[in-house]
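Read through the structure below, which is laid out as structure tokens, and then see the notes.
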């Protein structure tokens, strides 16, 4: 018997990456998983390397970043890899979620996979926010102040929780220390959740396919077919990431963060990283602080409603024209929210943000179930002819 199939550890690798049977018709849209695994590996390796040279102290944090950039051998490369791969990570995660929404990957028996994926997304956002604070530039300090202050919206105990998180009465040395500790440990928890995500997928029904039908009729092994298919997109990903790292490393960042944190001077606009902008826009669209915070967290958790609200008989939207149109309208609306999150809080951006927020929640609560029922009815009427 081959060692791959007899060794207690290697047979696990074999069952997941070599002999795992996959539907023969899955497209390149199913390659995001391997790309996201690459992103996580890059982030952990570069993150641990950066941690060796970083000083989590309000007096030294900004200077330690400059030390990494100027004095550490290839420190600039490690830092730019870390910051740009974070953007790539979120870009690919949004594509991964969009593919799952379009092809109905949240439907039974993969509901647990979808739920674990949602937890991974929330943890990613928390990790990214903590990491954005660490360079301790202007946007780091004021971003941390604004976002942590959201917790003060909780009645009675909110302000006490905020001061507990800060370790004082404002963002200070204790805050930076605990943010660094959490930012270091969360990616490893994320890696454990990714393994749970894979186990849940492997032990339920395996990968879905573009037709939304059972893939048991025609399956092929993961290696060498999909292994080489994944390698193609991995090489493309490395090429695109390299073009950002070497030629435009700061294009996705904020120039304000190259100014040392100054508690006495507020930046002209406090804006989070681009991948958090849609949820920031939803937060700002609601005048009430507590309701805005609830709406922001609900916007992330809203994707958990899809297994319940999608009542369509066919899996996925590829054969459902009304739902397909609504899905692409939702994608456009999400991009509009992303743009609005970077705009100043003034007319007409406030009104546009409120309209986009209403549409965002309407999609999950009303549009998906109503269109599902209409399409089911149209199928029934056609069948009765």
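Cβ from N, Cα, C; glycine included.
Residue 103 and residue 313 share a topological domain name in Swiss-Prot and therefore face the same side of the membrane. Cβ neighbour count for residue 82 (heme b b562 binding site): 19 (other Cβ atoms within 10 Å of its Cβ, all protein chains included). Residues in the topological domain 'Mitochondrial matrix' (1-27) partition by DSSP class (helix H, G, I; strand E, B; coil) as 13 helix, 3 strand, 11 coil. Of the two recorded stretches, the transmembrane segment (111-135) does not lie close to the transmembrane segment (225-247), with fewer than three CB pairs under 8 Å once pairs fewer than 6 apart in sequence are set aside. For residue 183 (heme b b562 binding site), other Cβ atoms within 10 Å of its Cβ number 21.
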